[in-house]
């Protein structure tokens with residue numbers, strides 16, 4: 001039960017030739033910014049505007065998840081999560097980190113016969129490849145949408161609703177669990193009418209901050225993960241993420257560094273490296289959290305000012321062979337976050353007796369984890385030497401407790417960075433226009449004016465194209 | 001058998017308020033740059049320096065692949081690819097696009113009982129989850145490394161070599177196929193000594209341009225894909241990718257636009273969108289190609305000049321719910337490439353009879369593909385309206401022929417862009433330093449001086465960290 005530590009040695013200017021790093025003095029002078037952000041966040045919490053910070057205290061929600069899982073486990077061995085963005089990425093992140101992946105995620109412990117599929121896109125091919133793998137009689141569908149109206153998830157739901165309906169004359173409802181805002185939206189309305197069970201997403205928890213709500217807890221419990229440990233990790237992080245000091249609060253230190261590198265050092269790109277295949281979906285989850293929370297028009301200046309960093313999810317050592325060349329010699333527009341796993345329960349050792357060629361004999365008696373650790377250290381060294389700033393989180397190991405801690409910690413980092421940038425890290429105003437135009441193109445009567453706009457734009461433009 | 005078309009309407013300034021797009025005149029004036037690049041590429045081809053342009057003519061290599069596959073199919077139903085970066089991404093791209101994924105890729109046609117696993121990282125957890133799924137007696141391991149010395153792939157190979165050796169007293173060799181440069185490197189040397197079959201990567205084809213060489217062809221044929229159609233697609237692309245005109249050559253037009261947006265309009269980020277889950281690995285393959293080919297120090301100016309764009313692999317509609325907010329309101333540092341699939345053999349239609357709530361009824365009778373197409377058009381509209389430049393490739397459908405065409409086309413685009421940027425799009429000089437330092441940390445006697453450097457740097461730096 002160790003805390004996650006944070007090392008920012010190589011985000012700070014060490015030598016005169018480090019042209020691209022901030023000085024320790026700049027960091028110290030900026031501390032009031034992050035303390036102010038912590039106070040703003042606390043005020044939002046006290047107003048009830050945000051709730052992600054306290055999901056580990058949501059006792060009725062947690063109990064309802066456990067009860068619902070128990071009821072499903074009497075008859076279902078397969079769970080299909082239907083969700084997109086914040087409704088699926090947290091689930092993907094938890095299962096990839098803590099379960100085995102075989103096209104589906106395989107449950108653990110007494111739930112090791114349980115399978116979890118995640119349908120996180122609208123794509124006919126995804127449905128076609130999922131269908132033959134399901135025994136509908138043993139499958140429960142968890143449809144997750146904060147608004148209860150997300151187009152892609154509703155479309156996927158309607159396809160499967162029809163399929164279940166065609167096969168089941170009775171007990172249709174038990175095959176569906178909705179996770180949505182209580183009291184509004186079409187999923188809630190349908191549940192009310194039909195008796196489908198609803199798990200509640202608290203009103204003040206946005207999709208990308210919802211992993212520790214019933215959104216992520218239901219599938220975790222269904223897979224046999226210890227959700228109490230996951231929430232204990234979050235509780236642990238929430239003990240230190242409110243501390244008003246960059247010496248004791250890694251969320252505050254990290255947020256302040258990211259803020260300074262974006263505003264003062266023009267780092268428009270945030271490379272987020274995890275050194276384990278198990279954390280690939282965590283990197284994707286963080287990418288959404290970072291991009292959608294910070295990519296905004298800030299109203300703070302007279303002219304429009306666009307802020308936010310592009311997240312580049314990177315897995316080590318794998319992507320040393322794909323993206324690293326760009327990172328070390330390309331434009332110096334990046335800040336790197338390294339995520340290190342200190343201890344892994346699994347390892348393999350290369351034998352003593354290997355064919356006698358140099359690239360083989362160099363590795364004899366080495367363990368896989370030892371090689372990986374050395375590769376990560378080598379990459380950090382090269383970043384440091386080339387004056388490319390980076391920070392590092394050290395995760396003691398990948399288990400429920402430490403993952404819960406990491407998830408909440410990264411949510412705090414993101415929220416605090418957004419507040420310093422004077423954006424609302426909890427909204428997504430740019431998403432609406434695309435939704436409305438899609439409805440317009442689907443001939444929704446409410447958006448005929450949007451359709452007219454569409455035709456106006458396309459007819460007034462000169463077309464340029466190449467067909468060989 | 002249609003060509004892939006290219007639309008660059010919304011990369012060209014259409015209205016006075018399009019502050020962020022290049023004018024048609026700028027594009028026209030820059031045409032000599034791309035014509036010069038085509039000539040340079042042709043000269044490199046004639047010198048024999050590059051070979052990716054002509055892999056469809058590699059008849060002995062193609063025949064050896066087919067013969068080897070036939071031999072393996074007599075006894076093996078499972079293929080494990082051991083490779084990293086250029087050795088695995090092309091394979092992943094082909095199989096994700098053309099086969100079904102169930103944790104492994106499932107072969108097609110008469111090979112539908114064949115399974116292909118790709119081990120593309122060095123991670124003990126990956127080995128641990130792969131092992132129980134294999135029947136060693138029916139498994140062939142294809143170890144792919146251009147140099148024959150890639151550390152991660154050698155390490156994975158040595159683990160599996162030991163496992164096979166422990167179980168098999170005879171016929172050890174038949175379980176391994178090496179794909180490497182003929183005549184040098186440790187894989188080649190071991191093959192010579194032990195009689196393991198080697199497939200050749202032509203010396204003048206770099207890893208990230210090798211998908212249409214035996215690197216990608218072997219697993220494709222093992223899975224029952226039509227590799228002749230894949231190569232026909234490449235042949236088709238090679239007919240038009242040499243044309244000296246941006247009116248008839250989509251590679252030339254695209255490369256010129258990307259070059260101008262990087263050099264004149266400071267677009268440091270290239271967002272590459274594909275509207276199908278099937279193309280997720282294609283986006284990752286392209287990310288490597290783009291990042292590693294262009295992310296370089298260019299020697300063209302007096303001072304060091306870092307070039308290259310960060311690739312952001314994006315899947316639609318999925319990532320409209322994770323990255324889109326950043327793309328539409330974040331910093332205007334991006335150029336977007338949209339990849340559209342015109343026709344899909346698979347579809348589902350939402351029934352007439354849906355529960356009577358608005359977000360459901362809006363979708364009734366809609367097909368999934370129709371919704372997705374409209375979503376993509378809506379997103380393009382919003383990009384256009386917000387003066388965020390984009391181009392689009394239209395892929396007639398996802399099959400061997402069109403995928404082969406697309407792969408070679410994107411390789412041409414990348415090579416031509418690199419030549420215009422005055423970098424070598426075929427090398428990766430920044431990768432070496434990390435490799436050497438890893439060897440140093442593994443106590444390799446040749447790198448003791450690097451280890452001293454490591455300790456010098458770390459001991460001379462002040463450490464900053466936070467432990468809560």
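Glycine too: its Cβ is placed from the backbone N, Cα and C atoms.
In TrEMBL this protein carries:
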ACT_SITE  B:292  active site, proton donor
ACT_SITE  B:321  active site
ACT_SITE  B:435  active site
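Feature annotations (TrEMBL) mapped to structure.
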{"residue": "B:292", "record": "active site, proton donor", "Cβ within 10 Å": "30"}
{"residue": "B:321", "record": "active site", "Cβ within 10 Å": "26"}
{"residue": "B:435", "record": "active site", "Cβ within 10 Å": "17"}
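Taking the C-alpha positions, the distance from residue B:435 (active site) to residue B:292 (active site, proton donor) comes to 16 Å. The secondary structure of residue B:435 (active site), as reduced to three states from DSSP, is helical. For residue B:321 (active site) paired with the residue listed as 'active site, proton donor', the C-alpha to C-alpha distance reads 28 Å.
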